[in-house]
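*Asks:* Encoded as structure tokens, here's the structure I'll be asking about.
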């Protein structure tokens, strides 16, 4: 006759089930992340780090813990949430699985103290390693998308702001900057949050003009600064290494200084006179040609560029352009976006 479990043994079995479930959860989440590092990013280093963490967890997944598994009797198998039914983008898939891994490691850390305290210590350190992995991967994602982006929309105040931006995103836009120098902070915060959500849905980068605090408040992908704004070093200290920092430049000296200061991309212009930059003389296509030969980081020709003159900028060496009025004032932003991208995509990709 099999003796019933004592109360202590019953608690032990529950702990074993918790450890078993969370080891599975952590390993599964890491495998999902690893697959994107391997096939989506072609990044062997990040994929190898995921694999190392998975193998470390596997060492602790003993037959003793597996034997405690009771899937038919687990009420959690019936629990779900609408947000788990679909994901808006690769970014949301990755974020959800990083959360899954981090939460599982925290559970393992606490309950392992009742099983093997050495595992608890290891899980604590692994959780910090996963935080670092998340930061590095998201930063890599941002930089990779920045390099792939050809068209950059800088917004201007508009009653149709959200509709125009979404129309451009539908046309293939992958990089957006929110710029409004006249609105009060409450409106800026509201609009920035909505734009950031749109970019999240469409898998585009979201940059905030000038305001590092606003960029952090809405979890933007970065900030774009002017020559008279916050020093790059301070902005980097506040934003960290994984978010993007762009800088406007008007001549080769400013370009070289920006590269030396470690910005992620620059604006080159204004190529033509534009009401967006009142009082600034156009740099012309000469500066575009100089940038094409001398700039080692992503750069965007900007200032008065539209469907009528984009090919002049391309002929001068531009592979990426930033626009304002040509999309914000377009009757059909989706079609204009598609046309501009069709011209830019004829250029040979950078190696």
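Including glycine, each Cβ sits where the backbone N, Cα and C put it.
Remember, predicted model here, so these are calculated numbers, not experimental data.
So Swiss-Prot has the following annotated:
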REGION    1-129  region 'Unknown'
REGION    65-85  region 'Disordered'
REGION    130-351  region 'Thiamine-phosphate synthase'
BINDING   177, 178, 179, 180, 181, 209, 248, 277  4-amino-2-methyl-5-(diphosphooxymethyl)pyrimidine binding site
BINDING   210, 229  Mg(2+) binding site
*Asks:* Using Cβ atoms only, which residues of the same chain lie under 8 Å from residue 210 (Mg(2+) binding site) while being at least 6 residues apart in sequence?
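*Replies:* Within the chain, residue 210 (Mg(2+) binding site) has Cβ neighbours under 8 Å at 179, 181, 223, 224, 225, 226, 229.
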*Asks:* Give the mean pLDDT for the region 'Unknown' (1-129) on the 0 to 100 scale.
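*Replies:* Reported value for the region 'Unknown' (1-129) is a mean pLDDT of 89.
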*Asks:* To which of the binding-site residues 179, 181 does the lowest count of other Cβ atoms within 10 Å belong?
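*Replies:* Least crowded of the binding-site residues 179, 181, by Cβ count within 10 Å, is 181.
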*Asks:* Could you tally the C-beta atoms, other than its own, that fall within 10 angstroms of the C-beta of residue 177 (4-amino-2-methyl-5-(diphosphooxymethyl)pyrimidine binding site)?
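*Replies:* Step by step: centre on the Cβ of residue 177 (4-amino-2-methyl-5-(diphosphooxymethyl)pyrimidine binding site), count other Cβ atoms within 10 Å, giving 23.
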*Asks:* Using DSSP, how many residues in the region 'Unknown' (1-129) fall into helix, strand and coil?
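*Replies:* Final tally across the stretch: 100 helix, 0 strand, 29 coil.
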*Asks:* Using DSSP and three states only, what is residue 209 (4-amino-2-methyl-5-(diphosphooxymethyl)pyrimidine binding site)?
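*Replies:* DSSP assigns residue 209 (4-amino-2-methyl-5-(diphosphooxymethyl)pyrimidine binding site) to strand.
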*Asks:* Using all protein chains in view, find how many other C-beta atoms are within 10 Å of the C-beta of residue 180 (4-amino-2-methyl-5-(diphosphooxymethyl)pyrimidine binding site).
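*Replies:* Cβ-Cβ neighbours of residue 180 (4-amino-2-methyl-5-(diphosphooxymethyl)pyrimidine binding site) within 10 Å number 19.
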*Asks:* Helix, strand or coil for residue 178 (4-amino-2-methyl-5-(diphosphooxymethyl)pyrimidine binding site)? Use DSSP.
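*Replies:* In three-state terms, residue 178 (4-amino-2-methyl-5-(diphosphooxymethyl)pyrimidine binding site) counts as strand.
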*Asks:* Would you mind checking how many other C-beta atoms are within 10 angstroms of the C-beta on residue 248 (4-amino-2-methyl-5-(diphosphooxymethyl)pyrimidine binding site)?
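*Replies:* There are 24 such Cβ atoms around residue 248 (4-amino-2-methyl-5-(diphosphooxymethyl)pyrimidine binding site).
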*Asks:* Please classify the secondary structure at residue 248 (4-amino-2-methyl-5-(diphosphooxymethyl)pyrimidine binding site) using three-state DSSP.
*Replies:* strand
*Asks:* Name, in the order they occur in the sequence, the residues of the same chain whose CB lies under 8 A from the CB of residue 209 (4-amino-2-methyl-5-(diphosphooxymethyl)pyrimidine binding site) and which sit 6 or more residues away.
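*Replies:* In sequence order, the residues whose Cβ lies under 8 Å from that of residue 209 (4-amino-2-methyl-5-(diphosphooxymethyl)pyrimidine binding site) (at least 6 apart) are 154, 177, 178, 179, 180, 181, 223, 224.
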